[in-house]
Protein chains: 2
Amino acid sequence: MARPSRPLLSRERIVAAALALVDAEGLDAVSTRRLAAELGVAGPSLYNHLATKDELLDAVVDAVLGEVDLSMFTGGPDWRGALESWARSYRAALAAHPRVVPALSQGMGRRPNALRLADAVFGGLVAAGWPRREATRVGALMRYFITGSSLGSFAGGFPDDAAVYQGDYPNLGEAHLLAARQREIDESAFEAGLTALLDGLELRLASLRIR
Amino acid sequence: MARPSRPLLSRERIVAAALALVDAEGLDAVSTRRLAAELGVAGPSLYNHLATKDELLDAVVDAVLGEVDLSMFTGGPDWRGALESWARSYRAALAAHPRVVPALSQGMGRRPNALRLADAVFGGLVAAGWPRREATRVGALMRYFITGSSLGSFAGGFPDDAAVYQGDYPNLGEAHLLAARQREIDESAFEAGLTALLDGLELRLASLRIR
DNA sequence: ACCTGAACACCGTTCAAGT
DNA sequence: ACCTGAACACCGTTCAAGT
């Protein structure tokens, strides 16, 4: 075929197809040949638009981060409310693409949406009265909690089979029931943690102000 | 060579070599051929001891979890102190093997050390007076925070290059300085989050008791 | 500029053959 | 039981050749 008059591919189309493939079949299913086939093209064609597979996965992660709502950080004084709804939006974006989460470990690099996110959170906290150093910490620790809550299900991790727990694990006698209530447990654990974290941060800000 | 009189390999030796290889060069460096070479053996030999590469990575993760101290959950009433030192030990184990963390996403499966960990935390919380349902949530949310704080550095994720932030990110004017203070920032964010979480959980337990 | 087939140096895994 | 070489169906990436 050689060069077509109108390009068959674009970076965006490749990234969108890759995200769909990760969602459907997981990170391991994304090979350059497989992805190219999905796009109706030969394997090496992708290299006209992306330098490496790593760059592709980076772009996929960034696309997911682009779904996070940041509009709540517009300088109001209610940092708690902003952090809370941001955390839910962030988690929802990751929960919509759970198989992408392990790829988050690469750090934010130069991904524009990752940086936009960090910028908004930091700016919002500082505008609401948090000292800059502390705002950095709060941004980090919120990210820890949110990404951790998306890195694989807690409840879903327990095998469904009562025999696994016999004998060795005295406190896990009912653990085989967890998988069935997976969504409810993960959700309520996230909400409980979010509330605890925000309550704790209110105490922290108050004690910073006294000193 | 065929079968040697004394086995050359054992599951443990393979897992230990794999962990060392992940630590040194990352998850991607672990191929069956490469790992076998490291062990002085041909590639397919590994399959006499492990069914698949996935099973190998599972065992590597479990070996790391085996380094987490659980001795603090021995039934005392000080759940806060126990949770705090457990969280530090857990984080230290993951921080010692940061490149293993993305593999944690597979859930706990049948990994004995993962189950032992869940068992100890849940048992300790129940013994200290937490209702069983709540203890499940607390175990989950603590895991979220700890694994999230180990899934890649926050501070280290920011490029070292001031030019990256020019213009687009009004609040990240000093973000290029973060990488240099990476360890300090990640550490203090973890400690700040841990304190906030535990403060928040104290409030939560108190409010459960009132109702 | 953008797509292609061929090629290189790899993968995970299976299996018959050896002791 | 445990190790081997050969083989299968894959990988990511490069590159010269085509338009």
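For all residues, glycine too, the Cβ spot is worked out from N, Cα and C.
A TrEMBL annotation is a machine prediction, not a hand-curated record.
Pulled from TrEMBL, these are the features on record:
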DNA_BIND  A:31-50  DNA-binding region
DOMAIN    A:8-68  domain 'HTH tetR-type'
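Long-range Cβ contacts of the DNA-binding region (A:31-50) within its own chain (Cβ-Cβ under 8 Å, at least 6 residues beyond either end) map to 8-11, 13-14, 17-18, 21, 56, 59. Sorting each residue of the DNA-binding region (A:31-50) by its DSSP state yields 13 helix, 0 strand, 7 coil. Per-residue pLDDT, averaged over the domain 'HTH tetR-type' (A:8-68), rounds to 98.
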